[in-house]
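*Asks:* Sharing the feature lines straight out of TrEMBL:
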TRANSMEM  B:7-26  transmembrane segment
DOMAIN    B:104-297  domain 'ABC transmembrane type-1'
TRANSMEM  B:106-135  transmembrane segment
TRANSMEM  B:155-174  transmembrane segment
TRANSMEM  B:180-197  transmembrane segment
TRANSMEM  B:230-253  transmembrane segment
TRANSMEM  B:273-296  transmembrane segment
Amino acid sequence: MTQDPVISARALDLTFQTNDGPVHALRDVNLDIQKGDFVSFIGPSGCGKTTFLRCIAGLETPTAGQITVNGMSPDEARRARAYGYVFQAAGLYPWRTIGGNIRLPLEIMGFSKAEQRDRVARVLDLVELSGFDKKFPWQLSGGMQQRASIARALAFDADILLMDEPFGALDEIVRDHLNEQLLALWGRTEKTIGFVTHSIPEAVYLSTKIVVMSPRPGRISDVIESPLPRERPLDIRDSPEFIEIAHRVRDGLRAGHQDDAA
Amino acid sequence: MNALRTLFPVVTVIAVILGIWIAAVVPMNIHLTADQAARQDIAVTPDTPAERKELSGLSLALQNTGIWGMTYTLERPRLPSPHQVGAELWDTVVMKNPTSRRSLVYHAWVTLSATLLGFAIGTTLGILLAVGIVYNRTMDKSVMPWAITSQTIPILALAPMVIVMMGSIGIQGLLPKSIISAYLSFFPVVVGMVKGLRSPDGMQLDLLRTYNANAGQGFWKLRLPASMPYLFASLKIGISAALVGAIVGELPTGARAGFGARMLVGDQYGQPIVTWAALFGAAITAALLVAILSLIERRTLRRMGMAGAAA
(Lines of atoms letter the chains of each structure in order from A; the text may use other names.)
(Lines give C-alpha, C1' and ligand atoms only; values in the text may rest on other atoms or scores of the structure.)
Protein backbone atom coordinates (compact mmCIF):
# COMPACT_ATOMS: atom_id res chain seq x y z
CA MET A 1 0.00 0.00 0.00
CA THR A 2 1.52 3.27 -1.13
CA GLN A 3 -0.89 5.67 0.55
CA ASP A 4 -3.57 5.64 3.23
CA PRO A 5 -7.04 5.62 1.67
CA VAL A 6 -8.93 8.92 1.70
CA ILE A 7 -12.13 7.16 2.68
CA SER A 8 -12.16 3.85 4.47
CA ALA A 9 -15.18 1.88 5.68
CA ARG A 10 -14.92 -1.27 7.82
CA ALA A 11 -17.89 -3.53 8.64
CA LEU A 12 -20.24 -0.57 8.38
CA ASP A 13 -23.83 -1.18 9.52
CA LEU A 14 -26.72 1.23 9.55
CA THR A 15 -30.21 0.41 10.73
CA PHE A 16 -33.03 2.96 10.58
CA GLN A 17 -35.73 2.61 13.22
CA THR A 18 -39.02 3.23 11.46
CA ASN A 19 -42.64 2.81 12.47
CA ASP A 20 -42.72 -0.41 10.44
CA GLY A 21 -39.76 -1.80 12.37
CA PRO A 22 -36.02 -1.62 11.74
CA VAL A 23 -34.74 -1.18 8.17
CA HIS A 24 -31.24 -2.41 7.37
CA ALA A 25 -30.00 0.34 5.10
CA LEU A 26 -26.39 -0.87 5.15
CA ARG A 27 -24.86 -4.17 6.24
CA ASP A 28 -21.20 -5.05 6.51
CA VAL A 29 -19.92 -2.49 4.04
CA ASN A 30 -16.13 -2.56 3.51
CA LEU A 31 -14.54 -0.17 1.07
CA ASP A 32 -11.36 1.83 0.54
CA ILE A 33 -11.25 4.86 -1.71
CA GLN A 34 -7.82 6.14 -2.73
CA LYS A 35 -6.90 9.74 -3.42
CA GLY A 36 -7.88 10.74 -6.93
CA ASP A 37 -10.33 7.87 -7.40
CA PHE A 38 -13.59 8.41 -9.21
CA VAL A 39 -15.89 5.96 -7.46
CA SER A 40 -19.44 5.28 -8.62
CA PHE A 41 -22.07 3.65 -6.45
CA ILE A 42 -24.67 1.89 -8.51
CA GLY A 43 -27.65 -0.20 -7.56
CA PRO A 44 -31.44 -0.28 -7.45
CA SER A 45 -33.48 1.95 -5.15
CA GLY A 46 -33.10 1.01 -1.52
CA CYS A 47 -29.61 -0.48 -1.90
CA GLY A 48 -28.15 2.13 0.43
CA LYS A 49 -25.94 3.93 -2.07
CA THR A 50 -27.20 7.38 -1.06
CA THR A 51 -27.14 6.36 2.60
CA PHE A 52 -23.50 5.33 2.27
CA LEU A 53 -22.63 8.66 0.64
CA ARG A 54 -24.42 10.46 3.48
CA CYS A 55 -22.40 8.38 5.99
CA ILE A 56 -19.19 9.60 4.34
CA ALA A 57 -20.55 13.16 4.59
CA GLY A 58 -21.45 12.77 8.26
CA LEU A 59 -25.12 13.41 7.49
CA GLU A 60 -26.03 9.92 8.75
CA THR A 61 -24.44 8.10 11.66
CA PRO A 62 -23.69 4.38 11.23
CA THR A 63 -25.00 2.09 13.94
CA ALA A 64 -21.91 -0.13 13.87
CA GLY A 65 -18.51 -0.41 12.20
CA GLN A 66 -15.89 2.17 11.38
CA ILE A 67 -15.56 4.84 8.75
CA THR A 68 -12.82 7.42 8.32
CA VAL A 69 -12.53 10.36 5.95
CA ASN A 70 -9.04 11.82 5.62
CA GLY A 71 -8.19 9.77 8.69
CA MET A 72 -10.87 11.52 10.75
CA SER A 73 -14.41 10.60 11.70
CA PRO A 74 -16.94 11.79 9.09
CA ASP A 75 -18.29 14.35 11.54
CA GLU A 76 -14.82 15.80 12.13
CA ALA A 77 -14.25 15.80 8.39
CA ARG A 78 -17.53 17.66 7.93
CA ARG A 79 -16.47 20.27 10.48
CA ALA A 80 -13.13 20.54 8.70
CA ARG A 81 -15.09 21.09 5.46
CA ALA A 82 -13.30 18.21 3.80
CA TYR A 83 -15.83 17.69 1.03
CA GLY A 84 -18.27 19.41 -1.30
CA TYR A 85 -21.67 17.78 -1.67
CA VAL A 86 -23.87 17.92 -4.76
CA PHE A 87 -27.48 16.89 -4.24
CA GLN A 88 -30.01 15.34 -6.63
CA ALA A 89 -31.63 18.72 -7.19
CA ALA A 90 -29.53 21.81 -7.74
CA GLY A 91 -31.14 23.40 -4.68
CA LEU A 92 -30.00 26.90 -5.55
CA TYR A 93 -31.51 29.65 -3.41
CA PRO A 94 -34.04 31.45 -5.63
CA TRP A 95 -33.32 34.78 -3.92
CA ARG A 96 -29.63 34.66 -4.71
CA THR A 97 -28.02 35.12 -8.10
CA ILE A 98 -25.84 32.32 -9.48
CA GLY A 99 -22.81 34.21 -8.18
CA GLY A 100 -24.56 34.72 -4.84
CA ASN A 101 -25.33 31.01 -4.57
CA ILE A 102 -21.72 30.05 -5.19
CA ARG A 103 -20.67 32.67 -2.66
CA LEU A 104 -22.90 31.08 0.01
CA PRO A 105 -20.37 28.52 1.31
CA LEU A 106 -17.59 31.11 1.03
CA GLU A 107 -19.56 33.59 3.16
CA ILE A 108 -20.29 30.91 5.73
CA MET A 109 -16.66 29.85 5.85
CA GLY A 110 -15.52 33.44 6.23
CA PHE A 111 -13.51 34.05 3.06
CA SER A 112 -12.62 37.68 2.37
CA LYS A 113 -14.69 39.62 -0.17
CA ALA A 114 -11.85 39.70 -2.69
CA GLU A 115 -11.19 36.00 -2.26
CA GLN A 116 -14.91 35.31 -2.73
CA ARG A 117 -14.93 37.23 -5.99
CA ASP A 118 -11.88 35.41 -7.33
CA ARG A 119 -13.18 32.00 -6.40
CA VAL A 120 -16.65 32.59 -7.85
CA ALA A 121 -15.11 33.68 -11.14
CA ARG A 122 -12.77 30.69 -11.18
CA VAL A 123 -15.37 27.97 -10.50
CA LEU A 124 -17.88 29.58 -12.88
CA ASP A 125 -15.21 29.29 -15.53
CA LEU A 126 -14.58 25.68 -14.50
CA VAL A 127 -18.21 24.71 -15.14
CA GLU A 128 -18.44 26.96 -18.23
CA LEU A 129 -20.92 29.41 -16.73
CA SER A 130 -18.80 32.55 -16.94
CA GLY A 131 -21.02 35.56 -17.49
CA PHE A 132 -23.98 34.03 -15.68
CA ASP A 133 -23.09 35.18 -12.19
CA LYS A 134 -25.67 38.00 -12.19
CA LYS A 135 -28.51 35.74 -13.40
CA PHE A 136 -31.09 34.28 -11.07
CA PRO A 137 -31.54 30.48 -10.97
CA TRP A 138 -34.95 30.55 -12.69
CA GLN A 139 -33.30 32.18 -15.71
CA LEU A 140 -31.11 29.06 -16.25
CA SER A 141 -31.93 25.63 -17.67
CA GLY A 142 -31.92 22.57 -15.40
CA GLY A 143 -28.51 21.47 -16.66
CA MET A 144 -27.02 24.90 -16.09
CA GLN A 145 -28.49 25.01 -12.59
CA GLN A 146 -26.90 21.67 -11.78
CA ARG A 147 -23.56 22.94 -13.11
CA ALA A 148 -23.92 25.98 -10.86
CA SER A 149 -24.52 23.67 -7.90
CA ILE A 150 -21.33 21.76 -8.81
CA ALA A 151 -19.48 25.08 -8.94
CA ARG A 152 -20.87 25.84 -5.48
CA ALA A 153 -19.47 22.53 -4.18
CA LEU A 154 -16.08 23.26 -5.78
CA ALA A 155 -15.81 26.85 -4.58
CA PHE A 156 -14.08 26.14 -1.27
CA ASP A 157 -11.56 23.69 -2.70
CA ALA A 158 -12.39 20.57 -0.75
CA ASP A 159 -10.39 17.56 -1.93
CA ILE A 160 -13.42 15.31 -1.94
CA LEU A 161 -16.52 15.77 -4.06
CA LEU A 162 -19.60 13.74 -3.13
CA MET A 163 -22.35 13.67 -5.75
CA ASP A 164 -25.77 12.11 -5.19
CA GLU A 165 -27.34 11.40 -8.59
CA PRO A 166 -26.56 14.92 -9.72
CA PHE A 167 -27.70 14.33 -13.30
CA GLY A 168 -30.63 12.02 -12.55
CA ALA A 169 -33.26 14.59 -13.45
CA LEU A 170 -31.65 15.69 -16.72
CA ASP A 171 -32.23 14.38 -20.21
CA GLU A 172 -29.76 12.06 -21.95
CA ILE A 173 -28.13 14.66 -24.18
CA VAL A 174 -27.49 17.15 -21.41
CA ARG A 175 -26.31 14.29 -19.24
CA ASP A 176 -23.71 13.11 -21.79
CA HIS A 177 -22.39 16.61 -22.04
CA LEU A 178 -22.19 17.08 -18.29
CA ASN A 179 -20.49 13.67 -17.88
CA GLU A 180 -17.82 14.74 -20.33
CA GLN A 181 -17.37 18.05 -18.52
CA LEU A 182 -17.21 16.32 -15.16
CA LEU A 183 -14.45 14.01 -16.35
CA ALA A 184 -12.48 16.97 -17.69
CA LEU A 185 -12.97 18.80 -14.41
CA TRP A 186 -11.86 15.75 -12.42
CA GLY A 187 -8.77 15.47 -14.65
CA ARG A 188 -7.85 19.08 -13.98
CA THR A 189 -8.54 19.20 -10.25
CA GLU A 190 -7.46 15.67 -9.20
CA LYS A 191 -10.27 15.47 -6.69
CA THR A 192 -11.55 12.27 -5.14
CA ILE A 193 -15.12 11.82 -6.29
CA GLY A 194 -17.91 9.68 -4.87
CA PHE A 195 -20.77 9.50 -7.35
CA VAL A 196 -24.17 7.86 -6.87
CA THR A 197 -26.04 6.88 -10.01
CA HIS A 198 -28.77 4.68 -11.46
CA SER A 199 -27.21 4.55 -14.88
CA ILE A 200 -24.80 1.79 -15.93
CA PRO A 201 -23.24 3.70 -18.87
CA GLU A 202 -22.76 6.75 -16.67
CA ALA A 203 -21.05 4.68 -13.98
CA VAL A 204 -18.77 2.87 -16.42
CA TYR A 205 -17.92 5.99 -18.40
CA LEU A 206 -16.97 8.07 -15.37
CA SER A 207 -15.43 5.74 -12.85
CA THR A 208 -12.06 4.29 -11.97
CA LYS A 209 -13.89 2.10 -9.49
CA ILE A 210 -17.49 0.92 -9.67
CA VAL A 211 -19.21 -0.23 -6.51
CA VAL A 212 -22.24 -2.39 -7.28
CA MET A 213 -24.73 -2.53 -4.44
CA SER A 214 -27.83 -4.63 -3.77
CA PRO A 215 -30.83 -3.96 -1.56
CA ARG A 216 -32.44 -5.33 1.61
CA PRO A 217 -30.12 -5.16 3.37
CA GLY A 218 -28.00 -2.65 1.47
CA ARG A 219 -24.58 -4.16 0.83
CA ILE A 220 -21.76 -4.22 -1.68
CA SER A 221 -22.08 -7.09 -4.12
CA ASP A 222 -19.14 -6.27 -6.43
CA VAL A 223 -16.28 -3.79 -6.72
CA ILE A 224 -14.91 -3.32 -10.24
CA GLU A 225 -11.60 -1.60 -10.90
CA SER A 226 -11.97 -0.08 -14.32
CA PRO A 227 -9.16 -0.78 -16.81
CA LEU A 228 -10.22 2.20 -18.95
CA PRO A 229 -7.66 5.03 -19.29
CA ARG A 230 -8.25 8.30 -17.44
CA GLU A 231 -8.66 10.15 -20.73
CA ARG A 232 -12.04 9.08 -22.05
CA PRO A 233 -13.67 10.45 -25.17
CA LEU A 234 -17.43 9.82 -25.38
CA ASP A 235 -16.98 7.16 -28.08
CA ILE A 236 -15.05 4.97 -25.67
CA ARG A 237 -18.51 3.74 -24.81
CA ASP A 238 -18.48 1.67 -28.02
CA SER A 239 -15.19 -0.07 -27.20
CA PRO A 240 -15.16 -3.79 -26.22
CA GLU A 241 -13.60 -3.01 -22.82
CA PHE A 242 -16.40 -0.61 -22.01
CA ILE A 243 -19.07 -3.10 -23.00
CA GLU A 244 -17.38 -5.83 -20.99
CA ILE A 245 -17.37 -3.73 -17.83
CA ALA A 246 -20.97 -2.74 -18.41
CA HIS A 247 -21.80 -6.46 -18.64
CA ARG A 248 -20.09 -7.18 -15.37
CA VAL A 249 -21.98 -4.33 -13.68
CA ARG A 250 -25.25 -5.64 -15.07
CA ASP A 251 -24.47 -9.16 -13.86
CA GLY A 252 -23.70 -7.78 -10.42
CA LEU A 253 -26.98 -5.93 -10.32
CA ARG A 254 -28.88 -9.01 -11.48
CA ALA A 255 -27.23 -11.21 -8.86
CA GLY A 256 -28.38 -8.75 -6.22
CA HIS A 257 -31.92 -9.00 -7.47
CA GLN A 258 -31.88 -12.83 -7.46
CA ASP A 259 -30.86 -12.76 -3.81
CA ASP A 260 -33.80 -10.51 -3.29
CA ALA A 261 -36.23 -12.94 -4.91
CA ALA A 262 -34.95 -15.95 -2.97
CA MET B 1 -56.05 47.31 -23.47
CA ASN B 2 -54.51 45.52 -20.51
CA ALA B 3 -55.67 48.15 -18.06
CA LEU B 4 -59.13 47.89 -19.58
CA ARG B 5 -59.16 44.15 -19.09
CA THR B 6 -58.37 44.45 -15.39
CA LEU B 7 -60.72 47.41 -15.00
CA PHE B 8 -63.74 45.72 -16.52
CA PRO B 9 -64.35 43.06 -13.82
CA VAL B 10 -63.76 45.61 -11.06
CA VAL B 11 -66.25 48.04 -12.56
CA THR B 12 -68.79 45.25 -13.11
CA VAL B 13 -68.65 44.15 -9.47
CA ILE B 14 -68.98 47.73 -8.24
CA ALA B 15 -71.93 48.31 -10.57
CA VAL B 16 -73.71 45.20 -9.29
CA ILE B 17 -73.15 46.20 -5.65
CA LEU B 18 -74.40 49.74 -6.35
CA GLY B 19 -77.43 48.32 -8.18
CA ILE B 20 -78.41 46.11 -5.24
CA TRP B 21 -77.82 49.00 -2.86
CA ILE B 22 -79.92 51.47 -4.85
CA ALA B 23 -82.72 48.94 -5.20
CA ALA B 24 -82.67 48.20 -1.48
CA VAL B 25 -83.00 51.87 -0.47
CA VAL B 26 -86.69 52.05 -1.48
CA PRO B 27 -88.14 49.17 0.61
CA MET B 28 -85.75 49.89 3.50
CA ASN B 29 -86.81 53.52 3.81
CA ILE B 30 -90.41 53.33 2.59
CA HIS B 31 -92.01 53.31 6.06
CA LEU B 32 -90.15 56.43 7.18
CA THR B 33 -90.85 58.10 3.85
CA ALA B 34 -94.56 57.27 3.98
CA ASP B 35 -94.85 58.73 7.47
CA GLN B 36 -93.10 61.87 6.32
CA ALA B 37 -95.23 62.13 3.18
CA ALA B 38 -98.42 61.73 5.23
CA ARG B 39 -97.31 64.62 7.44
CA GLN B 40 -96.88 66.73 4.30
CA ASP B 41 -100.45 65.78 3.20
CA ILE B 42 -99.33 63.61 0.33
CA ALA B 43 -101.71 60.70 -0.23
CA VAL B 44 -100.30 57.42 0.97
CA THR B 45 -101.95 53.99 0.91
CA PRO B 46 -102.81 52.70 3.40
CA ASP B 47 -103.30 55.98 5.12
CA THR B 48 -102.87 55.20 8.84
CA PRO B 49 -99.45 54.49 10.36
CA ALA B 50 -100.80 51.43 12.18
CA GLU B 51 -101.94 49.82 8.94
CA ARG B 52 -98.65 50.67 7.22
CA LYS B 53 -96.76 49.01 10.03
CA GLU B 54 -98.47 45.71 9.20
CA LEU B 55 -97.06 45.74 5.67
CA SER B 56 -93.60 44.66 4.62
CA GLY B 57 -91.32 47.26 3.10
CA LEU B 58 -91.61 45.68 -0.30
CA SER B 59 -95.42 45.64 -0.51
CA LEU B 60 -95.69 49.15 0.91
CA ALA B 61 -93.23 50.32 -1.72
CA LEU B 62 -95.25 48.65 -4.49
CA GLN B 63 -98.42 50.45 -3.33
CA ASN B 64 -96.75 53.87 -3.18
CA THR B 65 -94.58 54.14 -6.27
CA GLY B 66 -95.13 57.92 -6.28
CA ILE B 67 -92.94 58.60 -3.24
CA TRP B 68 -89.95 56.45 -4.28
CA GLY B 69 -87.94 59.54 -5.06
CA MET B 70 -88.29 60.76 -1.50
CA THR B 71 -86.72 57.56 -0.09
CA TYR B 72 -83.36 58.67 -1.47
CA THR B 73 -83.27 62.04 0.23
CA LEU B 74 -84.35 61.35 3.82
CA GLU B 75 -82.34 63.21 6.40
CA ARG B 76 -82.20 60.20 8.73
CA PRO B 77 -82.76 57.18 6.52
CA ARG B 78 -82.60 53.63 7.71
CA LEU B 79 -80.40 52.89 4.69
CA PRO B 80 -78.65 55.95 3.22
CA SER B 81 -78.42 56.06 -0.55
CA PRO B 82 -75.00 55.92 -2.24
CA HIS B 83 -75.03 59.59 -3.19
CA GLN B 84 -75.81 60.62 0.40
CA VAL B 85 -72.82 58.63 1.68
CA GLY B 86 -70.70 60.01 -1.15
CA ALA B 87 -71.70 63.57 -0.33
CA GLU B 88 -70.96 63.05 3.36
CA LEU B 89 -67.54 61.60 2.49
CA TRP B 90 -66.81 64.50 0.16
CA ASP B 91 -67.88 67.00 2.76
CA THR B 92 -65.95 65.48 5.68
CA VAL B 93 -62.84 64.40 3.78
CA VAL B 94 -62.27 67.15 1.26
CA MET B 95 -64.19 70.22 2.41
CA LYS B 96 -63.23 70.22 6.08
CA ASN B 97 -59.87 71.24 7.50
CA PRO B 98 -58.08 67.92 8.24
CA THR B 99 -57.19 69.11 11.76
CA SER B 100 -60.81 69.84 12.60
CA ARG B 101 -62.83 67.35 14.63
CA ARG B 102 -65.48 67.50 11.91
CA SER B 103 -63.04 66.14 9.35
CA LEU B 104 -63.03 62.40 8.68
CA VAL B 105 -59.33 62.70 7.86
CA TYR B 106 -58.71 63.74 11.46
CA HIS B 107 -60.62 60.71 12.73
CA ALA B 108 -58.91 58.46 10.21
CA TRP B 109 -55.51 59.58 11.50
CA VAL B 110 -56.54 58.86 15.12
CA THR B 111 -57.51 55.30 14.19
CA LEU B 112 -54.61 54.87 11.79
CA SER B 113 -51.96 55.85 14.32
CA ALA B 114 -53.30 53.26 16.77
CA THR B 115 -53.48 50.74 13.92
CA LEU B 116 -49.89 51.29 12.82
CA LEU B 117 -48.49 51.16 16.35
CA GLY B 118 -50.51 48.01 17.07
CA PHE B 119 -49.46 46.48 13.77
CA ALA B 120 -45.80 47.15 14.56
CA ILE B 121 -46.15 45.62 18.03
CA GLY B 122 -48.13 42.66 16.69
CA THR B 123 -45.75 41.96 13.82
CA THR B 124 -42.67 42.16 16.03
CA LEU B 125 -44.29 39.91 18.60
CA GLY B 126 -45.46 37.52 15.89
CA ILE B 127 -42.02 37.20 14.32
CA LEU B 128 -40.32 36.71 17.70
CA LEU B 129 -42.85 34.04 18.69
CA ALA B 130 -42.42 32.29 15.33
CA VAL B 131 -38.64 32.23 15.72
CA GLY B 132 -39.09 30.82 19.23
CA ILE B 133 -41.52 28.18 17.99
CA VAL B 134 -39.21 27.10 15.17
CA TYR B 135 -36.03 26.96 17.26
CA ASN B 136 -37.32 25.88 20.66
CA ARG B 137 -39.11 22.60 21.18
CA THR B 138 -40.79 23.70 24.38
CA MET B 139 -42.20 26.82 22.73
CA ASP B 140 -43.25 24.73 19.74
CA LYS B 141 -45.37 22.54 22.00
CA SER B 142 -46.67 25.27 24.29
CA VAL B 143 -47.12 28.57 22.42
CA MET B 144 -49.17 27.58 19.39
CA PRO B 145 -52.21 26.25 21.31
CA TRP B 146 -52.33 29.48 23.29
CA ALA B 147 -52.01 31.59 20.18
CA ILE B 148 -54.94 29.73 18.64
CA THR B 149 -56.99 29.96 21.83
CA SER B 150 -56.36 33.69 22.00
CA GLN B 151 -58.09 34.14 18.67
CA THR B 152 -61.20 32.23 19.71
CA ILE B 153 -62.09 34.83 22.34
CA PRO B 154 -64.46 37.40 20.82
CA ILE B 155 -62.51 40.63 20.62
CA LEU B 156 -65.69 42.55 21.42
CA ALA B 157 -65.72 40.89 24.85
CA LEU B 158 -62.05 41.44 25.44
CA ALA B 159 -61.67 45.01 24.21
CA PRO B 160 -63.60 46.75 27.04
CA MET B 161 -61.61 44.82 29.66
CA VAL B 162 -58.30 45.84 28.11
CA ILE B 163 -59.37 49.47 27.86
CA VAL B 164 -60.78 49.60 31.40
CA MET B 165 -57.89 47.72 33.01
CA MET B 166 -55.26 49.79 31.29
CA GLY B 167 -57.23 52.91 32.12
CA SER B 168 -57.22 51.94 35.79
CA ILE B 169 -53.42 51.88 35.81
CA GLY B 170 -53.36 55.24 34.09
CA ILE B 171 -52.68 54.20 30.51
CA GLN B 172 -55.07 55.85 28.10
CA GLY B 173 -55.35 56.99 24.55
CA LEU B 174 -53.26 55.38 21.84
CA LEU B 175 -51.68 52.44 23.62
CA PRO B 176 -54.75 50.49 24.81
CA LYS B 177 -56.21 50.58 21.30
CA SER B 178 -52.85 49.52 19.88
CA ILE B 179 -52.75 46.57 22.26
CA ILE B 180 -56.05 45.35 20.85
CA SER B 181 -54.72 45.89 17.32
CA ALA B 182 -51.58 43.94 18.18
CA TYR B 183 -53.69 41.19 19.75
CA LEU B 184 -55.50 40.67 16.46
CA SER B 185 -52.55 41.14 14.12
CA PHE B 186 -49.84 39.00 15.76
CA PHE B 187 -51.66 35.77 15.01
CA PRO B 188 -51.49 35.66 11.20
CA VAL B 189 -47.84 36.69 11.46
CA VAL B 190 -47.05 33.81 13.84
CA VAL B 191 -48.80 31.26 11.65
CA GLY B 192 -47.26 32.57 8.40
CA MET B 193 -43.76 32.98 9.77
CA VAL B 194 -43.67 29.53 11.39
CA LYS B 195 -44.65 28.08 8.04
CA GLY B 196 -42.17 30.29 6.21
CA LEU B 197 -39.23 29.63 8.52
CA ARG B 198 -39.92 25.91 8.17
CA SER B 199 -40.28 26.07 4.38
CA PRO B 200 -36.65 25.13 3.51
CA ASP B 201 -36.58 21.41 2.73
CA GLY B 202 -34.28 18.76 4.15
CA MET B 203 -31.87 19.07 1.27
CA GLN B 204 -31.34 22.79 1.81
CA LEU B 205 -30.77 22.22 5.53
CA ASP B 206 -28.35 19.35 4.77
CA LEU B 207 -26.46 21.62 2.40
CA LEU B 208 -25.79 24.04 5.24
CA ARG B 209 -24.68 21.14 7.44
CA THR B 210 -22.11 20.14 4.84
CA TYR B 211 -20.72 23.68 5.15
CA ASN B 212 -20.74 23.28 8.94
CA ALA B 213 -22.85 26.46 9.13
CA ASN B 214 -23.97 27.59 12.59
CA ALA B 215 -27.56 28.24 13.63
CA GLY B 216 -27.32 32.00 13.07
CA GLN B 217 -26.08 31.54 9.53
CA GLY B 218 -28.89 29.06 8.92
CA PHE B 219 -31.39 31.66 10.09
CA TRP B 220 -30.08 34.71 8.25
CA LYS B 221 -28.99 33.02 5.03
CA LEU B 222 -31.70 30.40 4.60
CA ARG B 223 -34.74 30.46 6.87
CA LEU B 224 -35.39 34.19 6.97
CA PRO B 225 -35.14 34.88 3.21
CA ALA B 226 -37.17 31.73 2.50
CA SER B 227 -39.95 33.02 4.76
CA MET B 228 -40.40 36.39 3.01
CA PRO B 229 -43.31 35.44 0.72
CA TYR B 230 -45.12 33.95 3.73
CA LEU B 231 -44.42 37.03 5.82
CA PHE B 232 -45.99 39.39 3.29
CA ALA B 233 -49.12 37.26 2.97
CA SER B 234 -49.44 37.40 6.77
CA LEU B 235 -48.76 41.13 6.96
CA LYS B 236 -51.63 41.86 4.59
CA ILE B 237 -54.05 39.91 6.79
CA GLY B 238 -52.45 41.40 9.90
CA ILE B 239 -52.83 45.04 8.92
CA SER B 240 -56.53 44.77 8.19
CA ALA B 241 -57.00 42.88 11.46
CA ALA B 242 -55.09 45.67 13.21
CA LEU B 243 -57.45 48.29 11.78
CA VAL B 244 -60.48 46.32 12.96
CA GLY B 245 -58.83 46.05 16.37
CA ALA B 246 -58.29 49.80 16.64
CA ILE B 247 -61.91 50.50 15.68
CA VAL B 248 -63.24 47.92 18.14
CA GLY B 249 -60.99 49.52 20.76
CA GLU B 250 -62.73 52.85 20.19
CA LEU B 251 -66.25 51.49 20.61
CA PRO B 252 -66.62 50.43 24.24
CA THR B 253 -65.37 53.55 26.04
CA GLY B 254 -67.18 56.06 23.91
CA ALA B 255 -63.96 57.42 22.48
CA ARG B 256 -64.34 60.91 21.11
CA ALA B 257 -62.18 60.47 18.03
CA GLY B 258 -61.51 57.80 15.44
CA PHE B 259 -63.59 55.79 13.00
CA GLY B 260 -65.09 53.84 15.91
CA ALA B 261 -66.18 57.06 17.59
CA ARG B 262 -67.81 58.29 14.38
CA MET B 263 -69.72 55.05 13.97
CA LEU B 264 -70.88 55.28 17.58
CA VAL B 265 -71.91 58.93 17.20
CA GLY B 266 -73.89 58.17 14.06
CA ASP B 267 -75.65 55.32 15.83
CA GLN B 268 -76.45 57.17 19.05
CA TYR B 269 -77.64 60.40 17.44
CA GLY B 270 -79.62 58.72 14.70
CA GLN B 271 -77.34 59.84 11.88
CA PRO B 272 -76.82 56.70 9.81
CA ILE B 273 -75.14 58.71 7.06
CA VAL B 274 -72.31 59.51 9.47
CA THR B 275 -71.98 55.84 10.42
CA TRP B 276 -71.91 54.78 6.80
CA ALA B 277 -69.36 57.38 5.86
CA ALA B 278 -67.14 56.15 8.70
CA LEU B 279 -67.60 52.56 7.54
CA PHE B 280 -66.54 53.48 4.04
CA GLY B 281 -63.69 55.56 5.36
CA ALA B 282 -62.42 52.54 7.32
CA ALA B 283 -62.80 50.24 4.32
CA ILE B 284 -60.92 52.62 2.04
CA THR B 285 -58.18 53.04 4.64
CA ALA B 286 -57.80 49.26 4.92
CA ALA B 287 -57.66 48.92 1.15
CA LEU B 288 -54.95 51.58 0.95
CA LEU B 289 -52.88 49.89 3.68
CA VAL B 290 -53.08 46.53 1.93
CA ALA B 291 -52.22 48.18 -1.39
CA ILE B 292 -49.12 49.78 0.12
CA LEU B 293 -48.04 46.42 1.56
CA SER B 294 -48.60 44.76 -1.82
CA LEU B 295 -46.38 47.35 -3.44
CA ILE B 296 -43.60 46.76 -0.89
CA GLU B 297 -44.05 43.03 -1.36
CA ARG B 298 -43.68 43.25 -5.13
CA ARG B 299 -40.60 45.42 -4.85
CA THR B 300 -38.94 43.27 -2.20
CA LEU B 301 -39.60 39.98 -3.94
CA ARG B 302 -38.46 41.40 -7.27
CA ARG B 303 -35.25 42.59 -5.67
CA MET B 304 -34.85 39.11 -4.20
CA GLY B 305 -35.29 37.64 -7.68
CA MET B 306 -38.44 35.78 -6.65
CA ALA B 307 -41.04 37.75 -8.60
CA GLY B 308 -39.84 36.22 -11.86
CA ALA B 309 -39.93 32.74 -10.43
CA ALA B 310 -43.51 33.23 -9.31
CA ALA B 311 -44.65 34.63 -12.66
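The backbone N, Cα and C atoms fix where each Cβ goes, glycine too.
Can you walk me through where each of these features ends up in the structure?
*Replies:* Only residues 6 or more beyond the boundaries of the transmembrane segment (B:7-26), in the same chain, are considered here, and those with a CB under 8 A from a CB of the stretch are 57, 61, 68, 71-72, 77, 79-82.
Proximity of distant same-chain residues to the transmembrane segment (B:106-135), defined by a Cβ-Cβ separation under 8 Å and at least 6 residues beyond the stretch ends, is recorded for 98-100, 143-144, 147, 174-175, 177-190, 192-194, 196-198, 215, 219, 223, 231, 234-235, 238-239, 242-243, 245-247, 249-250, 257-262, 278, 281-282, 285, 289.
Same-chain residues lying 6+ beyond the ends of the transmembrane segment (B:155-174) with a Cβ under 8 Å from its Cβ atoms: 113-114, 117, 180, 183-184, 244-245, 248-249, 251-253.
Listed by sequence, the residues of this chain that lie at least six past the ends of the transmembrane segment (B:180-197) yet keep a Cβ under 8 A from its Cβ atoms are 114-115, 117-119, 121-123, 125-127, 129-131, 133-134, 143-144, 147, 150-151, 155, 158-159, 162-163, 223-224, 226-231, 233-235, 237-239, 241-246, 248-249.
Long-range contacts of the transmembrane segment (B:230-253) within the same chain: residues 111-112, 114-116, 118-119, 122-123, 126-127, 155-156, 159-160, 162-164, 167, 176-189, 191-193, 195-196, 199, 259-261, 263-264, 282, 285-286, 289-290, 293-294, 296-297, 300-301, each at least 6 residues beyond the stretch ends and with a Cβ under 8 Å from a Cβ of the stretch.
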*Asks:* So which residues does the transmembrane segment (B:273-296) touch in its own chain, when a touch means Cβ under 8 Å and the partner is 6 or more beyond its ends?
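*Replies:* Cβ under 8 Å, 6 or more out: 76-77, 80, 84-85, 88-89, 92-93, 104, 107-108, 111-112, 115, 232, 235-236, 239-240, 243, 247, 259, 262-263, 265-267.
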